[in-house]
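J.: One structure is given below, represented as structure tokens, and several questions about it will come after.
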Amino acid sequence: MDKKITEMLRNNQRWARKRLKYNPNYFKDMAEGQTPDTLWIGCSDSRVPAEILTGNHPGQLFVHRNIANMVIHTDLNCMSVVQYAVEVLKVKDIVVCGHTNCGGIKAAADLQSRGLISNWLMHIQDLYSRHQTLLNSLNEKHRLDVVTRLNVAEQIWNLGRSSIIKDAWARGQDLTISGLVYDIEDGHLLEEGVDASNSEELEINYRNYIARLLTLTDQDLDQEAIDRIAKDKLAEDEEENNKENKTFSYLDYY
Ligand SMILES: [Zn+2]
């Protein structure tokens, strides 16, 4: 057997033994069924594993991943996942998470033909064309980061206008959709402020978010990064002072 697969099997056995050491009923409980409260729609990129970077246990996130975290109305795979999550699992939150240094975002920028995948990336190329004036005014790093953010907003917009979400909101289901961006360079998840709990909020928040993005300059984006470092430092100090409140998390298993 391939060396890598042998290693994976060995790691898996070690992992299963550890779970049982913490909780002898771990797998018995897991086999009873799942009750995740969140659907995560993220990129397939190997550097963005939903459970690990959010400190969630198996069973806590329902996950769908594809190239560049897209929600396309004609994608039966994604739409089936959304329907099951909303109508059967009755999740309270749906997160669309983009990330920096995304291969899909980069590939869409250069307009080279890559066969089948070019059709998928065309959705992102449309974003480039639509916001060309803003994007041309930014340096390359900022340009790609802003397209990542525009793409997250666009997918939240698509999701919120899908028949599944519109129907859920119309019958009063408690459901919030939110956009996040994961910064691969420092491991932080960033709230984008493009979220909604009903159709009216979606209209307002999406339009405001896009309008705000379209005013950004290189200087603004540099300042955002400086402000974030200061905010992270504050949060780190606060956590240090509240160590006794630390809860057990999936990460503690390792
Ligand atoms: Zn990606």
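Even glycines carry a Cβ here, placed using N, Cα and C.
Caution: TrEMBL annotation is automatic and unverified by curators.
From TrEMBL, for reference:
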- C43, D45, H99, C102: Zn(2+) binding site (BINDING)
J.: Enumerate the residues of the same chain, C43, D45, H99, C102 excluded, that satisfy the criterion Cβ within 8 A of the mean position of the Cβ atoms of the recorded Zn(2+) site; list them in sequence order.
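T.: Close Cβ neighbours, site residues excluded: G42, S44, R47, V48, A68, N69, G98, T100, N101, G103, G104, I105, Y182, I184.
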J.: Please determine which of the binding-site residues listed here (D45, H99, C102) has the lowest count of neighbouring CB atoms within 10 Å.
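T.: If we count Cβ atoms within 10 Å for the binding-site residues D45, H99, C102, the smallest count is at D45.
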J.: Tell me, how many other CB atoms lie within 10 A of the CB of C43 (Zn(2+) binding site), whichever protein chain they belong to?
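T.: Other Cβ atoms found within 10 Å: 24.
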